[in-house]
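According to TrEMBL, the feature domain 'Cytochrome b561 bacterial/Ni-hydrogenase' maps to 9-192. The transmembrane segment feature in TrEMBL is assigned to 16-38, 58-79, 132-157, 177-195, 246-264.
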Amino acid sequence: MTEKTYIKRYSKIHRLFHIFIVLTFMNQAVTGFSFLFITTDLGEKLSQLLGGYKTSFFLHKLGGVLMITGFLIHIMYLLSKIDRRNLKASIFGPDSLVPNLQDIQHLLQRVLSFFGFGSLPKIDRWAYWEKFGYWGVFWGMPLLGITGVMLMFPLLVCRVVSGWTLNVAALLHRAEAILAVSYLFIIHFFFGHFSPSKFPLNEAMFSGRVELEELIEERLAWVERMQKEGKIELIKANAPNPWYRALYFIFGYAALACGFYIIIKGIDYSRYIKLH
């Protein structure tokens, strides 16, 4: 049996950020739903599970503070990775998550190939749909953070602005939260873990490694670029340890189960949602 070759795609810091956002987002989703549906049996059960309404509210505020802190640390990390001597390539190059003209070209190529015109685009390190998902979460964070802080300190906010702004903040906070939950628990889960090439679990963000054969099929442009630059040997990695693999499978499926429970119950109880 030929030994598989693995390539390191995500660094430890990438994986730490991912696990952090999984844990904090799950906390926010569960605690947020507990008082979004507080007038229903779902809200009561979630609230009781978390130790009561006050505890649930405290955990939501704590999770919000942690999420904002993590977001600020993430921004500082991004700024530290910018090469100021080669600013354009650093920001818009193939290793950057900033969208560029090639992403538009790849999208058009994929649409045309769907109708039988031309071939699929050769993807580099980041695909346009990955960039879309990243920036969707990125821009949602300030909106949730700012409105969340306003709702945490209503009396202080009303010293500066009119009281009606709190109603707007509550509306935006709930709407963005519902959008984020819907996107992550439906679209991200499906494309990330349940597409035929990834099922039963996309291990890349947990192990940091991807099989070279898989990369050649899905990200040929990146593999060719690494070979051309003589870096392919530098990013080769060993297979993940069996114990670690079992650990992140348990964690991953626990997160998936929690996410599916939230989205299914959210749809079932959607008639009780009041955005105003």
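Using the three backbone atoms N, Cα and C, a Cβ is placed for every residue, glycine included.
Packing against the transmembrane segment (16-38) from elsewhere in the chain are residues 10, 44, 46-47, 50, 53, 56-57, 59-60, 63-64, 66-67, 70, 74, 77, 137, 174, 177, 180-181, 184-185, 205, 255, 258-259, 262, 265-266, 269, 272-273: each is 6 or more residues past its ends and has a CB under 8 Å from a CB in it. For the transmembrane segment (132-157), same-chain residues at least 6 beyond its ends with a Cβ under 8 Å from one of its own Cβ atoms are 21, 61, 64, 67-68, 71, 97, 99, 165-166, 169-170, 172-173, 176-177, 179-180, 183-184, 187-188.
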